[in-house]
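Participant: Mind having a look at this structure? Questions to follow.
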Amino acid sequence: MWSHLNRLLFWSIFSSVTCRKAVLDCEAMKTNEFPSPCLDSKTKVVMKGQNVSMFCSHKNKSLQITYSLFRRKTHLGTQDGKGEPAIFNLSITEAHESGPYKCKAQVTSCSKYSRDFSFTIVDPVTSPVLNIMVIQTETDRHITLHCLSVNGSLPINYTFFENHVAISPAISKYDREPAEFNLTKKNPGEEEEYRCEAKNRLPNYATYSHPVTMPSTGGDSCPFCLKLLLPGLLLLLVVIILILAFWVLPKYKTRKAMRNNVPRDRGDTAMEVGIYANILEKQAKEESVPEVGSRPCVSTAQDEAKHSQELQYATPVFQEVAPREQEACDSYKSGYVYSELNF
């Protein structure tokens with residue numbers, strides 16, 4: 001019985017000493033050999049759906065440390081390591097997955113937490129649109145470039161390029177408005193290609209606009225004459241239509257009305273075109289008197305104003321009569337026969 005009591009007393013004393021030693025060792029490790037771990041990532045700016053890697057490391061390379069990763073109070077994983085950081089691979093798909101994250105390093109009964117780490121979720125920029133305005137002079141070309149990306153988290157940095165060479169510094173825009181860049185160049189002999197780049201805080205992610213090619217002027221020629229010719233022709237056509245509608249047509253209608261109001265005189269018609277029909281001519285013998293039946297004829301005549309007129313004609317009847325006595329005259333010649341004309 002005494003031996004059993006001695007064993008219990010021995011184990012109680014041993015356990016007490018061990019616990020005190022562990023507490024003393026943990027306190028010593030906390031102050032000297034076991035500082036707080038460090039949680040980091042290669043990038044702090046991500047977009048939704050991006051895979052990321054988080055590194056939890058400790059300055060003490062000689063201890064076997066157990067690393068645990070937490071997002072708020074949710075445990076995400078545990079790894080053991082000695083001298084090397086623990087790597088946790090994650091996928092950021094929702095806004096609440098941006099953080100904060102913490103890493104816990106534990107050795108036996110001693111544990112410490114890292115500082116909070118959070119990601120910044122950024123929407124990527126879409127391909128920008130490049131617009132060019134040109135003012136052409138005899139010797140110079142004044143060019144204004146506008147670049148705008150309609151989607152993407154602000155701020156957005158724009159850079160302009162000419163033939164794949166940057167010609168402007170990064171222009172930051174904190175509002176959804178286009179970046180503008182002006183330049184003046186001598187009339188070139190070759191074609192020039194322009195484009196712009198848009199990027200925000202998302203690293204290693206940039207989009208470019210479609211290239212816009214400016215044709216060469218070829219000396220004093222105008223590269224935009226063809227583009228301006230079509231609007232000019234359309235404007236000229238509109239002007240002609242307006243002139244016809246408001247000036248020529250009313251004038252034509254007035255002249256036509258005046259012509260219709262002029263009185264028509266059939267007797268004084270300058271030109272008369274008639275179509276005659278049913279004219280019968282009969283000749284009798286030399287001894288008999290020719291006699292032709294009277295038949296009315298109808299003709300149609302048109303005056304200058306194109307108005308049709310209906311005219312009636314009759315066939316004359318010839319009768320032989322006795323010759324009358326004529327006074328003698330040197331110039332008179334006999335042998336003529338006169339007839340009466342009856343209608």
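From the backbone N, Cα and C atoms, a Cβ is placed for every residue, glycine too.
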Participant: Given 156-161, 228-233, 246-251, 336-341, which one carries Swiss-Prot's motif 'ITIM motif' label?
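Facilitator: In Swiss-Prot, residues 336-341 carry the label motif 'ITIM motif'.
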Participant: Regarding the disulphide bond with Cys147, report which of Cys103, Cys110, Cys196 Swiss-Prot records as its partner.
Facilitator: Cys196
Participant: Select from 53-58, 83-88, 311-316 the stretch of residues annotated by Swiss-Prot as motif 'ITIM motif'.
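Facilitator: It is 311-316 that Swiss-Prot describes as motif 'ITIM motif'.
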Participant: Looking at the glycosylation sites Asn60, Asn89, Asn157, which has the shortest Cα distance to Asn51 (N-linked glycosylation site)?
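Facilitator: Nearest candidate: Asn89.
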Participant: Inside 10 Å of the Cβ of Asn60 (N-linked glycosylation site), count up the other Cβ atoms and send me the figure.
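Facilitator: Asn60 (N-linked glycosylation site) is surrounded by 16 other Cβ atoms within 10 Å.
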Participant: For Asn182 (N-linked glycosylation site), name the DSSP secondary structure in the helix/strand/coil scheme.
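Facilitator: Reduced to three states, the DSSP call for Asn182 (N-linked glycosylation site) is strand.
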Participant: For the domain 'Ig-like C2-type 1' (35-118), give the DSSP counts of helix residues, strand residues and coil residues.
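Facilitator: Its residues fall into 4 helix, 48 strand, 32 coil.
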